[in-house]
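Per TrEMBL, the features are as follows:
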type     : residues                                 : note
ACT_SITE : His69                                    : active site, proton acceptor
BINDING  : Asp70, Val73, Gly75, Asp77, Ser79, Glu90 : Ca(2+) 1 binding site
BINDING  : Pro164                                   : substrate binding site
BINDING  : His194                                   : heme b binding site
BINDING  : Thr195, Asp247, Asp255                   : Ca(2+) 2 binding site
DISULFID : Cys38-Cys116                             : disulfide bond
DISULFID : Cys71-Cys76                              : disulfide bond
DISULFID : Cys122-Cys324                            : disulfide bond
DISULFID : Cys201-Cys234                            : disulfide bond
Amino acid sequence: MKTTNRFNVIVAVAATILMGMFESSDAQLQMNFYAKSCPNAEKIISDHIKKHIHNGPSLAAPLIRMHFHDCFVRGCDGSVLINSTSGNAERDAPPNLTLRGFGFVERIKTLLEAECPKTVSCADIIALTARDSVVATGGPWWSVPTGRRDGRISKLAEATNNIPGPTSNFTTLQQRFAKQGLNLKDLVLLSGAHTIGVSHCSSMSERLYNFSTTVKQDPSLDSEYAANIKANKCKSLTDNTTILEMDPGSSRSFDLSYYRLVLKRRGLFQSDSALTKNSATLKMINDLVNGSEKKFYKAFAKSMEKMGRVKVKTGSAGVIRTRCSVARS
């Protein structure tokens with residue numbers, strides 16, 4: 001009898017250990033996490049976006065990009081928002097120098113602090129703002145479970161080494177997505193966010209003027225498209241200010257146009273072109289183009305939900321920063 005009881009105890013302990021091993025770090029994320037602690041939180045965010053997004057419809061793209069860049073460094077913990085007096089934070093890294101929307105997020109945080117002090121995390125604000133801004137401009141809706149907590153560490157080097165940049169080749173893209181637990185399907189679908197928004201010549205001018213030691217222009221870029229950009233937009237390698245649509249003619253519509261352009265070798269970035277270099281991702285793009293917008297929206301939503309759970313801090317991990325730009329607040 002004693003032997004049986006001892007065996008049962010060992011089995012129970014082993015089961016507990018295994019459950020702990022396989023329990024996801026996002027286990028405490030849940031829909032309507034603030035229902036009791038700050039019941040109006042999500043409405044405050046949504047109302048602020050509805051009130052202001054039409055004055056700056058191009059803001060949806062930077063906000064979803066901010067969410068992406070936040071999650072790829074130390075998980076979705078709001079660390080991309082932190083300011084550094086020494087210029088050594090994530091937002092000082094090359095991939096983040098063109099990020100916009102910091103003030104917009106901080107204003108929402110101020111509203112929430114007035115309503116429910118020290119309750120709603122900056123990380124959750126980023127996740128909800130990304131979703132609601134896309135929806136406000138006619139794009140897809142996706143579930144955003146909340147309960148993320150904020151980090152206090154923000155390092156330039158980590159952002160540089162983890163965020164896929166516009167010049168990334170396929171190997172780099174695959175490796176950096178895999179590091180976050182994201183697969184090739186997620187890579188293709190999340191790249192679809194390039195269907196809205198703009199970029200700068202500095203993100204792609206090397207494709208036009210200084211691609212390699214042997215060729216000046218990227219041969220994988222459609223020559224007619226390249227000539228048009230050279231003539232009307234990026235007239236020199238040193239142009240760092242001129243704005244380009246990532247999905248010309250459709251940059252305010254969340255649709256399949258981006259993928260059609262990629263197949264025509266008219267994706268703006270090397271990272272767009274890289275998606276056609278692998279047979280699996282190329283097939284995924286063709287399947288999306290031949291499918292419906294509704295199907296794309298559904299698949300995109302799943303990948304956004306998955307990305308929003310990357311290495312989140314919940315429960316007793318992390319903090320609730322009272323000012324998103326200040327680490328110790």
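Backbone N, Cα and C define each Cβ position, glycine as well.
Sequence features annotated in TrEMBL and their locations in the structure.
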residue	record	Cβ neighbours (10 Å)
Cys38	disulfide bond	16
Cys71	disulfide bond	28
Val73	Ca(2+) 1 binding site	29
Gly75	Ca(2+) 1 binding site	22
Ser79	Ca(2+) 1 binding site	28
Cys122	disulfide bond	31
Pro164	substrate binding site	23
Thr195	Ca(2+) 2 binding site	24
Asp247	Ca(2+) 2 binding site	27
Asp255	Ca(2+) 2 binding site	18
Which of Cys76, Cys116, Cys201, Cys234, Cys324, all disulfide-bonded residues, has a Cβ with the fewest other Cβ atoms inside 10 Å: Cys116
Residues near His194 (heme b binding site) in space but at least six apart in sequence (CB under 8 A): Met246, Asp247, Tyr258, Gly267, Leu268, Phe269, Asp272
When distances run from the Cα of Asp70 (Ca(2+) 1 binding site) to each of the recorded positions Cys76, Pro164, Asp255, the nearest one: Cys76
Cβ packing number for Glu90 (Ca(2+) 1 binding site), 10 Å threshold: 28
Distance, Ser79 (Ca(2+) 1 binding site) to Cys324 (disulfide bond) (CA atoms, angstrom): 8
Local Cβ density at Asp77 (Ca(2+) 1 binding site) - other Cβ atoms counted within 10 Å: 30
Proximal residue to Cys116 (disulfide bond) among binding-site residues Val73, Ser79, Glu90 (C-alpha distance): Ser79
